[in-house]
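Participant: Here it is: the structure, laid out below.
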């Protein structure tokens, strides 16, 4: 148990030891450091080295922003931060600075700003013997009755010496004579008062006047001296000395009393009569300050104010007044004047450190260091400091009337960029006086705001076939910061789609956000694309944001209709067969066309442009179906050529033509063959034979037709494609998107016709297929062909 307690005592003892060490350090920093210098020392003279006294390293004073702060507006000292030397800024006159006060001490502070630390110091000004004793009156007149008995003392005017200490007035001597010797007496104030002592009786008839030289000596090395003539007039006997009613008068007078105010009235009486009883009043042992401040009436003894009083300069006056009768006898009294302090001085504020510009987002940062003072006393000299309540700053009291102005909360330049702070110092006097000091603190910008786009996304419309470098739109971002922190630079961000060639499509002006199309856009190749743009400021570090830009390409009518069927590529044309017995409205074929554009630019209309037999055929305007318009006649030519115009609804409209060949046949017994010109006669002769063969073939083929129909349906369902024989079919490539046509007349599914003609010796074969509809899936399909996709007929002729 004891061992454990011993172990616990050791940390406690250490804690107590550390506490006392820290307490000693704190007291050491508060105790002033003392320095001294002789008065009248030349400016720039060395006083002390603060670097050594404060225990700091070389260069630390400059880094910590050391400075010397003293009361008042006059700087008596200069300080070298680099060397730490404290030098005199000017010659110092101790008498001017301190007057009779001894010791003469000038307090000052050594202020270290970073971190904040104060050191108290005092500069004592040592007196030098630079003033000689001076008598205010070069001639001192004494009227002494001849009846005065030996041993009587006479107080004479003392000399003034502005020096203090050993350099002040120390001794008086009188010239050798038979009647008087000199006696020195110390007053309560420590002043040496010279007195003449009568050695033997005077005889006016023997010597009516005595002249003596009074010499005042100071204690300097070498000593200085001053002389005055003491002239003694021996008068007739006057055996009564004037007596004052009181030996001590105590009065109080406010410091704001006007000039001419009555301070006091002294009164003395003399029992003698005649001239020996006539009393006159005069100052005795009065200093120059008393003579300047007060005026004494020689007849009435009224003490009046000659000039304004100032409590802050002198608080009390001791006035010696002498009453002298006509016979030369005199008595003295003392008037003790106490100046009453009034609150006539407003507080004073001295700014030591001020930082006018501070970055935002800082907290607990020092803005200013200042001191306050009030020359008044008591409550008149007590002060309180304050600033406005609605500011993010607070005042922190320091040592000996020093205050620091500190940031309480982080500043935001975007909310407020400038603060006008009024520091108010008020005393507790009546009435209360105050001093206001205004400072302006500018908040410098920190890059704490990223650029913000005016929109999170932008939609731009560009018509296709635009010219390269076309301005297609703009993006805009703003930054709440200022200066370079608010300068925004725009850029294109890498696209999310790796296959999008963004760098070749658009560019952006880095300064103003203008977007340009780098190439001519094609709606049919690219209808829309999107990308991201970034906006970055030029702060450090730079902040950025991004926005989405969507570009929609508007279609232009730059594609003509494309005819899918019948194919117009120069190959052998397909020939449509129409029986002569066809009724009006018989579907001959259908012109199928598409348009690569969109919208109304892809709305197609059809019209019959040319025909071998006008009025025989008609074309439906919206779906391109070619139908018979009337019954066929015998005189109608067997070969019909139709030109169908396909036109879109664009502005201006574009068009294409399709050429159809129609063969009019009497039933399907004999196809029309391109034979030599000599064949028509023979064909007419064999017309009956053809009809018979057709009838026989029809009957014979009924069975085969059923079988073929079943097989065709099976094959179509499996392969989803039409069986193609030796015939003229649409050839050549066409884009898949051309099949995708809305309900504007262009089919959503393809028609395919087969016409096969085979010529040979004695055998002719004709095959007619109804439209075969492949399994194409297209957008916007309007309808499906009315014909059965699996329907097939086959006719054979021999």
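Cβ from N, Cα, C; glycine included.
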Participant: Match it up for me: which of 672-692, 693-713, 714-734 does Swiss-Prot list as transmembrane segment?
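Facilitator: Based on what Swiss-Prot states, transmembrane segment spans 693-713.
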Participant: Going by what Swiss-Prot says, which of 138, 299, 639 is noted as N6-acetyllysine?
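Facilitator: Swiss-Prot records N6-acetyllysine at 299.
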Participant: From 465, 569, name the one Swiss-Prot lists as N-linked glycosylation site.
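Facilitator: Record says 569.
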Participant: Radius 10 Å, atoms counted are CB only; among the glycosylation sites 171, 420, 569, which position scores highest?
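Facilitator: Counting every other Cβ within 10 Å of each candidate, the maximum falls on 171.
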Participant: Cα of residue 299 (N6-acetyllysine) to Cα of residue 438 (N-linked glycosylation site): how many Å, rounded?
Facilitator: 56
Participant: Spatially speaking, which of the glycosylation sites 171, 420, 438 is closest to residue 569 (N-linked glycosylation site)? Use C-alpha to C-alpha, please.
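Facilitator: So, spelling it out, the nearest of the glycosylation sites is 420.
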Participant: Applying a 10 Å Cβ distance cut-off over all chains shown, what neighbour count does residue 299 (N6-acetyllysine) have?
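Facilitator: Its Cβ shell of radius 10 Å holds 9 other Cβ atoms.
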Participant: When DSSP states are grouped into helix, strand and coil, how many residues of the domain 'Cadherin 5' (458-563) land in each?
Facilitator: 8 helix, 48 strand, 50 coil
Participant: Can you tell me whether DSSP puts residue 569 (N-linked glycosylation site) in helix, strand or coil?
Facilitator: coil
Participant: Taking just the CA atoms, what is the gap between residue 420 (N-linked glycosylation site) and residue 438 (N-linked glycosylation site) in Å?
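Facilitator: A Cα-Cα distance of 7 Å.
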Participant: For residue 438 (N-linked glycosylation site), just count the other CB atoms lying within 10 A of its CB, please.
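Facilitator: A count of 8.
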Participant: Rounded to a whole number, how many Å is the Cα of residue 438 (N-linked glycosylation site) away from the Cα of residue 171 (N-linked glycosylation site)?
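Facilitator: Cα-Cα, rounded: 57 Å.
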